[in-house]
Amino acid sequence: MAPAGTGGIFVILVIFVFSSCESLFSGGDSYKRELTVKLYPNSTPSGGELLHVRAVGGNDTLHSLFCSQGAPTLLLVHTNSNSSTVEVNWPEFLARNTSGSLKVEPQSSILYSTAIVFSRLLEYNDENDTAEAKSNFFPAYELKDFIWAQMNLSDSTVTLCGSPTRSGNGSLCLQLSVFGSEGRADLWPRLLHSANSSQLEVWLNGLPPRSIMSRFVLELQAVGGAYPLSRVNVHQFIDDEYTPSIFQVSQWVSSPNNGSDVLGFAQWKPVAYRTPHATLEDATPCRNSDPQQQSGNSTSASSALIKAFYSDPAAIGLNVSFGIAGEPYYNSTMFLSWTMLVGIGSPPVDSFSPMVIGILTAGLGIPILLLLGGGVYVLIAKKRESSGTGYEPIN
Amino acid sequence: MPLKEWLHFDDKCEEGSVPAFLKQQLNMADFEERRSLLGDENEDRGPGRPLPAICDPSHVLHRVVVLIFMCFLGFGSYFCYDNPAALQTQVIQDMNLNTAEFMQLYAWYSWPNVVLCFLGGFLIDRVFGIRLGTIIFSLFVCVGQVIFAAGAWSNHFWLMEAGRFVFGIGGESLAVAQNTYAVNWFKGKELNLVFGLQLSMARLGSTVNMNIMGWVYSKVAVAVGSSGHTTLGISLMIAAGTCVFSLICALVLGFLDKRAERILHKEQGRTGEVIKLTDVKDFSLSLWLIFIICVFYYVAIFPFIGQGQVFFIEKFNFSPAQARAVNSIVYIISAPASPILGFIVDKTGRNIGWVFAAVIATLCAHMMLAFTFWNPWIAMSLLGVSYSLLACALWPMVAFVVPEHQLGTAYGFMQSIQNLGLAVIAIAVGVIVDIRGYLVLEVFFCACICIALMAVVGLYFVDYLKGEGLNRSAAERAKLQKETAEHAE
């Protein structure tokens, strides 16, 4: 029957269409960067290293600096020349007395810079299971006072772990991945990243809670010269393929004069996972508070990198609280992991996978084709009937 | 719950629309009554004094009493069928499951019915008889639900699955028994009203379950002190109370039926189903296309409702109570809509056109749920209407393409593969949600509906080319029937 042949041709057409559209539908950013990594070790007893990843594009450079001196800090500097470098006066940097010990040369090429400081880890006793995070706080863990181990470097990923005391069990770890091209992480929430962004995964592993009904809140500070990250936009998105059951994405953006231009961003999905290789049941929602102005001076004091780079920083703080009412407490698994993406320019936009598009195209297209094909066949059959002679000769 | 809907589809008493084997039953029942009426004149009817109206099996008032028991006969099994859906978050949390394991509770219900659809009529007619059969099936439903609750109480998931399996053995066969009782007691004009009432009771059971079980669970949690598998077990035991109630109705019905048989001298009701598996090779292409439509349509409805609660909570930020309410809207709508739509389809004919409309409407509903954040009440209401429309238009088509002596086999086969599809797809649904999330799940449902759509389009052309007349209007069909009747004379 005619529709069968048409169906076969259609399948070939579908495959052709969505293999050529794959680049169109996969986020669109095929910008690539070359990465070079440099680690500044520290043999002083206070520890704290500096990692510098230089990502060179066509005519610009993105410097990612990650420092564990004091509060862990990620600094991104975007310059418009592909030969810009970072110069560090290491003794001055370690002394943490003056700003200017870390410079990006040439200074005039700096387009935009933004930094994220992990300042505090708060713990509260949620005895009524409301997850309001307003009262019953235990003394906060100041991350600048944590004992940070040496950075563990592999490819363009660096892992940093620290604990509250030297012999403490349990740790807070951060994993920074810098990317040279577009892609998607392997583990949930499988954030889409581009060459202009870096992924930071934060997880609590085995840190002993101070009550059986403890929940945690992570305090972040965004530091910037002229335009730090100021407001949080929450976007709804219908595609939860890569992060099942999560239909929102939160973006902490810096947009001058509240315009629509986005200079820098921090992006995350409002979900945290309670086991290392999470399944759907291990997802727990997280919420963020409104960004609030904070003292730039105290941020400088807590982070060596901020002190070294910024002379007069403006800091805006935000709290990410993990868990909502009814969710299991931290002590059910003693593990909590959350991922965010930090970058310059506009945040990457997720899109449908080719599989979804393919199924829909086939599913909707084939019945339409069948209808058309069948209709044409019926018309032809009718015409043949009416044009042929009604009677056949007897002999 | 996948009802034996072909026994409920027509609420309008049209001679042509009552399926053939039911006509067989009606004729048999008529014959028996005529014989007993004649016999009454000559035989002694017991004590000789007239019974009060409510105790007289031939009086309408007594039949109303029997009707009440008949309607509540199925209430328990419909109430308990969707218990997992109503308590989805609690079951998943208390028993520590993922979605795939949760959906197993629905798969295990469907597995026994792959085989039992063929055996139900045989068991009722030849092995147990209607009275004992009903009691046995009610017992299975009751025991199954109790095992299910015990599994939750003792924190053994395999026991819960076993409970659902036992529950499934009784559930579908009980529907056959319920309908056999209906035909036996309500031959004539009241039969369609009774079918309609039984359908509404079934939907009422599902709706009440969706909206009440959450409240029951929270009250038990307060009484016990905490939520957990014990609370879940107790809540499910309370639900089993409805099954005990249905079992009592089965016993009462058995007693009343036996008494009526003694007083009116009529025979035990029979389903009249004749199943011959070798008939399958004679099924026409149109019938196979109807089977495809049936399977691929229903797998996009029941498994979706089964895990719908968490979908509405996660995607649309509904509260659990709101999510359960919107999940139950399909059943709430189909209770009044089925008789109305049945009437419309009976009056206008053109069954394939109606099936096409229903499939398109369901596709729109699923696409709305997948690709927009529009209020899901809209999509679910559309789903309810289209689901009712399809039931009214699809099942009668089988009677148009299959000769009378094969009708039992055809319906049994259709139910069997429907249950097979439901069992397999229920598991697939759980796996998809766990791995790829709800968008891919909705796209999967859309794909199933699209396959049903392809089958409808195929059916239209096959029917057009072969001239089988599935899409004739009611007027044409009536004219044709008159002509064949005239030719026969």
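Even glycines carry a Cβ here, placed using N, Cα and C.
The transmembrane segment annotation in TrEMBL covers B:60-81, B:102-124, B:130-153, B:165-186, B:234-256, B:285-305, B:325-345, B:352-371, B:377-401, B:413-433, B:439-462. Here TrEMBL flags B:60-466 as domain 'Major facilitator superfamily (MFS) profile'.
Among the stretches B:165-186, B:234-256, B:285-305, B:325-345, B:439-462, the one making the largest number of Cβ pairs under 8 Å with the transmembrane segment (B:352-371) is B:439-462. Contact between the transmembrane segment (B:377-401) and the transmembrane segment (B:285-305) holds: at least three of their C-beta pairs are under 8 Å, each pair 6 or more apart in sequence. Long-range contacts of the transmembrane segment (B:285-305) within the same chain: residues 1-2, 82, 85, 103, 106, 327, 330, 355, 359, 362, 366, 383, 387, 390, 394, 397-398, 401-402, 410, 413-414, 417-418, 420-422, 425-426, 429, 445-446, 448-449, 451-452, 455-456, 458-459, 462-463, 466, 468, 470, each at least 6 residues beyond the stretch ends and with a Cβ under 8 Å from a Cβ of the stretch. For the transmembrane segment (B:60-81), the partner stretch with the most Cβ pairs below 8 Å, chosen from B:102-124, B:130-153, B:325-345, B:413-433, B:439-462, is B:130-153. Take the transmembrane segment (B:413-433) and the stretches B:234-256, B:325-345, B:439-462: counting Cβ pairs under 8 Å, B:439-462 has the most.
The transmembrane segment (B:102-124) is not in contact with the transmembrane segment (B:234-256), judged by fewer than 3 CB-CB distances under 8 Å for residue pairs 6 or more apart in sequence. Remark: the transmembrane segment (B:130-153) makes no contact with the transmembrane segment (B:439-462), by the rule of 3 or more CB pairs under 8 A. On the 0 to 100 pLDDT scale, the domain 'Major facilitator superfamily (MFS) profile' (B:60-466) averages 90 in this prediction. Among residues of the same chain six or more beyond the transmembrane segment (B:325-345), those with a C-beta under 8 A of the stretch's C-beta atoms are 8-12, 85, 196, 199-200, 203-204, 206-207, 210-211, 301, 305, 308-309, 312, 318, 351, 354, 376-377, 380-381, 383-385, 387-389, 391-393, 396.
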